Amino acid sequence: MAPSADRQGYWGRPTSTLDWCEENYVASFYIAEFWNTVSNLIMILPPICGAIQTFRDGLEFRYVCSFLGLAAVGVGSWCFHMTLLYEMQLLDELPMIYSTCIFVYCLYECFKQEKSISLFLIALLLIFSVSVTVVYLQWKEPVFHQVMYGALVACLVMRSVFIVTWVYPWLRPLCYTSLGIFLFGFLLWNIDNIFCDTLRASRQTLPSGVGVVTQFHAWWHIFTGLGSYLHILLSLQIRSTYLKYRPNVKFLCGVWPTLHIEPQKTS
């Protein structure tokens, strides 16, 4: 993690159990880690738009919750990196568990009758979420949170690969793009942790505009935010295809993917 020799700013001395590789209070007196903060916009604005579009299309509320869950992670991460306070760290990390539980529910219930509810799976995911929360509040070990989050992501990966291998193989490009982008972000996250001293030293010699590119934790936000957003689109396409809707991927401004559900064809 980041060395301790950082500037002091508006929020005072960090109380979080993690302090990332970006130098504190360099870009702004009011934002501890500026680039790690603003990079969360990709996890806030597009998911909110996705939730609105999903609600307008009249799709199941679980998918609105998926988008809003991702947005909640973005807001929590914004607050955490802006302040480096322990309370804000929890606001970042615990929603990661809760939102991924929603993703798991959507993907494992995608081949069920419309508007059906699996009380067993809901209870199982609730027990998991509460257990992780209670343990993490008592045992403030970030590795525990990372392992629990990784277990949920592994469930998503296995289910997604199964579906695009045996059920809807035409969705493989979207599935593997989402997974590849997420894993690339995870790679950058590890580089940022392992080579922090080297990265910080390089920023002292590089022009400021170039040094920003070495803020790999901010890139982690961007790539995992995009990968998670694409996963929700994948989950939506699987579900809407099963229900015999007509999912249609469109690109906002020719760049950003959105999913629109067209009415069923009448015979």
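Backbone N, Cα and C atoms are what each Cβ position is placed from, and that goes for glycine too.
TrEMBL annotations:
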type     : residues                          : note
BINDING  : ASP19, TRP20, GLU22, ASN24, GLU33 : Ca(2+) binding site
TRANSMEM : 63-83                             : transmembrane segment
BINDING  : HIS81, HIS217, HIS221             : Zn(2+) binding site
TRANSMEM : 95-111                            : transmembrane segment
TRANSMEM : 118-137                           : transmembrane segment
TRANSMEM : 143-167                           : transmembrane segment
TRANSMEM : 174-191                           : transmembrane segment
TRANSMEM : 218-236                           : transmembrane segment
Per Cβ pairs under 8 Å, the stretch of 63-83, 118-137, 143-167, 174-191, 218-236 packing most closely against the transmembrane segment (95-111): 143-167
Range from 118-137, 143-167, 174-191, 218-236 with the greatest count of C-beta pairs under 8 A to the transmembrane segment (63-83): 218-236
Dominant neighbour of the transmembrane segment (143-167) in 118-137, 174-191, 218-236, by Cβ pairs under 8 Å: 174-191
Distant-in-sequence neighbours of the transmembrane segment (174-191), which means Cβ under 8 A and at least six residues beyond its ends: 153, 157, 160-161, 163-164, 199, 216-217, 219-224, 226-228, 230-231, 233-234, 237
Euclidean distance between Cα atoms of GLU33 (Ca(2+) binding site) and HIS81 (Zn(2+) binding site), Å: 5
Cβ-centroid neighbourhood (8 Å) of the Zn(2+) site, HIS81, HIS217, HIS221 excluded: TRP20, GLU22, GLU33, TRP35, ASN36, THR37, SER39, ASN40, SER77, GLN215, ALA218, TRP220
Of ASP19, GLU22, ASN24, i.e. the binding-site residues, those within 10 Å of HIS217 (Zn(2+) binding site) when Cα atoms are compared: GLU22
Which listed residue (TRP20, ASN24, GLU33) has most other Cβ within 10 Å, given these are binding-site residues: GLU33
Length of the line joining the Cα atoms of GLU22 (Ca(2+) binding site) and HIS221 (Zn(2+) binding site), in Å: 13
